[in-house]
Amino acid sequence: MSSFAIFGNPVSHSKSPKIYSMFANEFGMCGEYDLKVASDDNFYNLLYQFFDMGGFGANITVPFKKRAFLLCDNLTDRSILSSTVNTIKKQLDGTLLGDNTDGIGLINDLKRLNWISIDNAFIDMTCNNIQETANILLIGSGGAAQSIIPVLLDIKKCCVNIINRTFFNAQRLVQYYHSIGRQNISCIDLNNLLCEKNACKKYDLIINASSSSMNNDLPCISSFLITPFTKCYDLFYGNQDTIFVKWCKKNGSNYCVDGLGMLIEQAAYAFYLWHGKKPSVPIVLNAFRSELCK
């Protein structure tokens with residue numbers, strides 16, 4: 001049995017085994033990594049069995065990130081804030097450490113793109129200088145959004161604004177962060193955002209964390225939000241531009257990216273958590289991008 005695996009349902013499409021193999025090859029390590037199809041009934045038993053039989057590291061994908069959070073003995077601060085776990089490491093004392101590397105993956109990809117600086121400040125694309133303040137529009141309030149909010153709030157002098165079809169869900173998230181002293185987050189009623197005069201508010205970064213791209217649907221936002229310098233990021237990706245990326249380009253943004261870089265970056269941090277070695281992301285990212293474009 002491999003010492004590393006991904007647990008989820010479905011997982012047959014997962015790129016994690018190949019990503020892990022490429023990272024491992026860089027350091028001359030064994031690249032074995034399994035796919036584990038779990039169900040609601042057997043997830044806990046399957047995961048515990050994996051670690052009992054010598055497993056060392058696990059990735060967790062949908063729909064088990066919240067359940068994985070509940071079974072870990074120790075948790076990183078960012079996983080506690082998001083109440084989700086996507087990476088587990090078996091520690092020397094046998095306990096399980098849970099982390100969520102999604103946010104780190106996003107931030108590192110934004111740094112790779114030179115959208116934010118090394119020290120977590122927004123970069124003004126019009127002059128390539130550090131911005132004094134920045135506004136982020138986050139579309140969605142589900143698991144994908146929750147996993148990245150903690151790191152977004154750490155960007156210097158930024159405010160995160162959430163929109164969601166169900167306004168109550170966005171409100172609940174904002175209230176939670178306000179209760180722990182994080183005041184640089186708010187939510188906007190979708191109807192207000194769609195009004196032309198409100199849509200003229202400047203957003204430096206718009207992130208689609210909703211499932212709309214997976215369903216080939218557009219999120220309900222106005223084209224008035226888009227300027228040539230608006231950075232647009234879709235957490236999802238495909239073998240061509242997502243519908244959100246296409247829409248942002250069509251409406252004038254010169255900075256539109258899908259989530260493939262985030263996927264590779266979060267996997268790189270998981271690898272670092274397990275092995276203490278930082279793999280090279282650009283080589284793997286370029287290989288996967290080329291494969292998707294075939």
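Note that the numbers count up from 1, one per residue, in the order the chain is shown.
Just so you know, glycine gets a Cβ as well, placed from its N, Cα and C.
Per Swiss-Prot, shikimate binding site is recorded for Ser14, Lys15, Ser16, Thr61, Asn86, Asp102, Tyr237, and the stated evidence type is sequence analysis. Sequence-distant neighbours of Ser14 (shikimate binding site): residues of the same chain at least 6 apart with a C-beta under 8 Å from its C-beta are Ile6, Gly8, Leu35, Thr61.
With a cut-off of 8 Å between CB atoms and residues at least 6 apart in sequence, the same chain places Thr84, Val85, Asn86, Asn100, Gly143, Ser147 near Lys65 (active site, proton acceptor), listed in sequence order. According to Swiss-Prot, the active site, proton acceptor annotation covers Lys65, on the basis of sequence analysis.
Packing around Asp77 (NADP(+) binding site) is summarised by its Cβ count: 10 other Cβ atoms lie within 10 angstroms of its Cβ, all protein chains included. Annotation comment: Swiss-Prot describes Asp77, Gly140, Ser141, Gly142, Gly143, Ala144, Leu235, Gly259 as NADP(+) binding site.
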Nearest to Tyr237 (shikimate binding site) by Cα, among Gly140, Ser141, Gly142, Gly259 (binding-site residues)?
Gly259
Please tell me which one of the binding-site residues listed here (Asp77, Gly140, Ala144) sits closest to Ser16 (shikimate binding site), measuring Cα to Cα?
Ala144
Residue among binding-site residues Ser141, Gly142, Ala144 with Cα closest to the Cα of Lys15 (shikimate binding site):
Ala144
Does DSSP give Asn86 (shikimate binding site) helix, strand or coil?
coil
